[in-house]
Structure formats: C-alpha cells, structure tokens
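Asker: Dropping the structure in here first, questions after.
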Amino acid sequence: MATEHSRTAARLMVSPAVILLFLWMIVPLAMTVYFSFLRYNLLNPGMESWAGFSNYTYFLKQAAFWDALWNTLTLVVGVLIITVVGGIALALLLDQPFFGQGIVRVMVIAPFFVMPTVSALVWKNMFMNPVNGMFAHIAKFFGLQPFDFLSHAPLASIIVIVAWSWLPFATLILLTALQSLDREQMEAAEMDGANWINRFIYLTLPHLTRSITVVILIQTIFLLSVFAEILVTTNGGPGTASTNLPYLVYAQSLLNFDVGGGSAGGIIAVILANIVAIFLMRMIGKNLEA
Amino acid sequence: MGQITLSSVTKVFGDVTVIPPLDLTINDGEFVVFVGPSGCGKSTLLRLIAGLEDTSSGKILIDGQDATDAAPAKRGLAMVFQSYALYPHMSVRKNIAFPLKMAGASVEEQNRKVENAARILNLSSYLERRPGQLSGGQRQRVAIGRAIVREPAAFLFDEPLSNLDAALRVTMRQEISELHQNLKTTMIYVTHDQVEAMTMADKIVVLNAGRIEQVGSPLELYRNPQNLFVAGFIGSPKMNFITGAEAAKHDCATLGVRPEHLDVVEGGPWQGVVGIAEHLGSDTFLRVHVEGIGDLTVRVSGEMGLHHGDRVSLAPQAGKLYRFDANGKAIA
C-alpha cells in the first residue's frame, strides 16, 4: 500500500464495511438521543411530546441512580480485583509442569463458555440457595445457620458469579504472557540472588503488566454492562442493593414503561462509560506502548 | 579466590547421559574456555557449575568448599548469558544494581559500584536507558557489568558473543580479554568458535559428547593434539586428514597436515588441480584436488596468482605431519 493509487483503491475497498459499521453504531445512538428528549411512555403510545432535559433531570435525581452508579463501580472493581489476582495465581500454577496439564487447561477455560444466564442460575439454585444449595449443606454439616447469599449479600454474590465466569479469560491471557517470559532472565535473577518473591515482583509482574492492562480494559468494557446475572438472580434487589446502571435503564424503560427516561439513562451510561474509558487509558494505557 | 574443582561430575537427562563422569580443575585467575561442537555438553557443564542444573552425581568444589547442592546465588559466581538476559523494564543502572539490591546493599554502595562498573565498561552515558534502546555490544557490556558488581569468585560466560556481528565480536573479544587482565578473576567461557577459544584462553578444554578430549594451552593443543577430534577442531582452516595408501606410507591410519604446513613447490610429492582459490589479501586459501588423496586445503601467505584449474604440486613441511592410529589417537 505504498503508492497514492493503491492507497486510494484501499480506501475505496474498505469504505462499504466502514460505512456499514458507522451506521450500525450511529443509528441506534441517534435514536436513543432522540427518544431521551421525548415524553415517551409505552402505556400512552402515540402521545409523544418534546420533554427537553426533564428525562435527564428525573433520571439523575432519583435515589436509585446513585445507588446504581455505586453498584456498577463496585461490581467492576470487585470482579477486576478477583479476576486479576486469581488469574495471576492460577496462571502461575498452570505454568508449572504437571501431569494432565493439557486437560486441566481446557477445564480451566470451561466457565467462560457457560452463558451468563445459565451460570447465574446454577450459582443461584445449586450453590447459594439457602435450602438446597451446596453452601447451605456445607454450613449445615458444620452445624451453622445457612446464609442466604442473594438476600443478604446480593452484590457480593453477583460479584462472585461474574468473577467466576471471567476468571478463565484473565487466566488464559496471563498464562500465555507467562509462557513468553524469557527463561534466561529468570536464571539470571536466580544467580543474582533473587528469591522467588523478588523474582515475582521484579520480573514476572513487570512482564505481565501489558497483559494485565489488556485484561482490565477488556473486562471493564464488558463488566460495565453486566445484566443477565442480575436479572436471573436478584432482579436488582433487595431494593436497589444489586441494581447497576444497565439494570436501572432496563427497569426504567421496560418495567416502568418509560422509554424516554430509559433512553436518557442509556445516554448517561454511555457518557459514564466513556469517562471510565478515558480515565483507564490515562492511567494504564501507556503500558500498551512498546 | 576462584578455584573450581569438578570431581566425577555427571549429568543425566532421563535415559540420556549428557556428561559421563568428568574431572576438571580450574585454577584461580585462569581464563578457561570450554569449546566443542554444538550439543557436546559444554553449556550443560557451565550450568552445572553455575548451579542452574543439578548434578546427577559427583562433587563440585569452589575454593575447596563443597558447592554441589548450594543454590546458584550462594556460589559466588556470576554468569553472562547468550541472550544477555537483561531485565527489559529496568534501566541500565537498575539492571547493574539488581544483584546488589538483592544482596541488600545500601543505595550509596549500589551507586558507587554501578558507576565504577559503568566506567570500566564505557557505559556511563547510557545508565538511564532501557536495554531495548541499546545496541548488541552495549547490551553485552551491561550484562558483564551486572556480573562485575557482584565481585564474584568466577565469571561464567555462555556463548556471549554469538549474537553479535563479526566485527563487534572481535572488539568484544578483546574487551573481555582485557577485562580479565585487569580483574584477574577466574573466567569460564563457553563457545563453539575455536577462534575465540584460541585467542582468549589460558587453558582450553575441548569437549566432545560430554567427554573431555584434551586440556591445555591454545598452542599446546595446536602443536600436540592428542587425537583426531582435537586436531580437526583446533586450527582454522581445519587440518587436512589423509587416509588410505598415502597414510600407510607413514605407518599410520590417518595422516594429518595443517593447511599452513603445506607449501606450493616445484616437484612436490603431491600433484593436484586447484578447485577454489580464496584470495583474502593477507592469505590465499587453495582447495586442491590431489590424485589418490582427495581434497587438501592449503594456506599460502600473501597474494598468489593461482586460479581454478591450475596444476600445482604440494609438499608438507618437514616435521609438521601428524600421525594418528586406527582409534584416532595421536602417534608420538
């Protein structure tokens, strides 16, 4: 793609795909922006009228918004901490040579293939259920009172469920990074008198920073929009204890039939996600530069 | 001090014996080169001394202390790796200071020693750079610097020059030799390049399939190779080996003659046709097809106007013929 001619041809060739992608993004976004300025309720169809910024002020002023914002951030940060720390630990373990390595590696990635609704239901009914769940049985075995996770610690429970499905992703990325760590560097550090803790701190962790950055960026994008796990377990409750922004938008538009308010919430969520993205790129994006 | 003694050291990987029982003494302050073809176990031997591999049996003594089971860091040895193994995310200063930091040295001491090492190695203006911003030779020096600051009993070099281009290799070779003259520390150097071995070593250890073929000073090995392997390995271009009827005339199974010990003369005993002539200016290498003997390499000093297809006759210099028996042992 060196000459002017080939560059023009290349632009021409990719333009259909680029235009399609652009429309794909801009049409729903533009319609959401449009709806967010309408008084648009599904119970009164055909009665739409201009609402100005009232949808936004209404959405921002409700107490649930700040709860949802806080829950969203807690969920993202909580899952990130568990997956990154757990991912590093698992990757270090899986990097050791042992019998049945291949099969274990396949099994470790398995949770990632379980769809969110299914994994949340399994956790809800088979593990966390206070009567039939495994944790309840274990508690009873030790003579303890079973704990009703989803009622008394709803957000923490959801964090555990989501972290469970994302842990394999982090593990896999970090494992591949570990495998590319130069063996001679490790040996040099060993000769230099570094014990395994120092080797981990001064060699392994710096080597992993780029992969950890990738894990954090990719997971943040997906974790900001966690929805299915909440819908099938707690429905955002009790109260708003486990409502995050996507769930609040859903509740606003489809449980309260307020499309205008939901759209306004959606736009606010988009803006917040962008703020988070900019913040993240500022903070850790420099790790991605070679 | 840096005397290293290996007694009956062996190394076995699974069913494969890489190093059969091996004894070797390296004296304090010596520059010892392990040389041999790839796969001969020379790197493994170095790693055994470094402690990066466990010995299967036998003892390693460093300054009389049994170090067979000591951790690498406790042996007081420093190693320079083939890939340099610099820590890519640390500056040159931090790379060199790393062993000091691990040993718990104070910041002032670290700085003093790092700057001293940097001065010796001409790295002072690069201290704040990352390894990725350095050239191959500079990286090599950083790796050496990281070894120097530990003030080790002995330096171990694992093919340190093989990633450098030819010109730089010659320079670094001289720098390492000079470093040895200045520090007077024991150095063990592994290479497959016999030129490096000849130019740098006080003592060369020629290895083949894990066994020591011969130990001696470079010129000893050049003058009196004990067997065919050493004879063929030491010296460049390689020694010519003649078998068959011509060897039988000299009462041996194989007759060896070095290219520099063959003269192009009128009426020599061996007649042949020049196949290739390589003109280097200082020397001319001829590849001569000799009837009844095969190809012989001849090294002629200076420029020689011979070309492909010319007929020449060759004569070996008196007393410069090497004779080997059927087992490849030299006949005195």
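Using N, Cα and C of the backbone, Cβ positions are placed for all residues, glycine too.
All TrEMBL annotations are machine predictions without curation.
So TrEMBL lists the following for this protein:
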{"type": "DOMAIN", "residues": "A:69-280", "note": "domain 'ABC transmembrane type-1'"}
{"type": "TRANSMEM", "residues": "A:12-37", "note": "transmembrane segment"}
{"type": "TRANSMEM", "residues": "A:68-94", "note": "transmembrane segment"}
{"type": "TRANSMEM", "residues": "A:106-123", "note": "transmembrane segment"}
{"type": "TRANSMEM", "residues": "A:155-178", "note": "transmembrane segment"}
{"type": "TRANSMEM", "residues": "A:212-234", "note": "transmembrane segment"}
{"type": "TRANSMEM", "residues": "A:254-280", "note": "transmembrane segment"}
Asker: When you check the transmembrane segment (A:254-280) against the transmembrane segment (A:12-37), do you get at least 3 Cβ pairs under 8 Å, counting only pairs 6 or more apart in sequence?
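Answerer: Answer yes, regions in contact.
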Asker: Sort out the residues at least 6 away from either end of the transmembrane segment (A:155-178), same chain, that have Cβ-Cβ distances under 8 Å to it, and list them.
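Answerer: Distant Cβ neighbours of the transmembrane segment (A:155-178) are 71, 74-75, 78-79, 82-84, 86-88, 90-92, 94-95, 105, 108-112, 114, 116, 119-120, 123, 128, 149, 204, 207-208, 210-212, 214-215, 218-219, 222-223, 226, 229-230, 233-234, 241-242.
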Asker: Restricting to the same chain and to residues at least six past its boundaries, which positions have a Cβ under 8 Å from a Cβ of the transmembrane segment (A:68-94)?
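Answerer: Same-chain residues near the transmembrane segment (A:68-94) but 6 or more away: 101, 104-105, 108, 155-156, 158-160, 162-163, 166-167, 169-171, 173-175, 177-178, 204, 208, 212, 215-216, 219-220, 223-224, 226, 240-248, 272, 276.
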Asker: Same chain, outside the transmembrane segment (A:212-234) by at least 6, Cβ under 8 Å from its Cβ: which residues?
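Answerer: Long-range Cβ neighbours of the transmembrane segment (A:212-234): 72, 75-76, 79-80, 83-84, 87-88, 115-117, 119-121, 123-124, 150, 154, 157-158, 161-162, 166, 169-170, 173-174, 241-247, 250, 269, 273, 276-277, 280-281, 284-285, 287-288.
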Asker: Under 8 Å between C-beta atoms and at least six residues away from its ends: which parts of the chain pack against the transmembrane segment (A:12-37)?
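Answerer: Distant contacts of the transmembrane segment (A:12-37): 50-53, 55-56, 259-260, 263-264, 266-267, 270.
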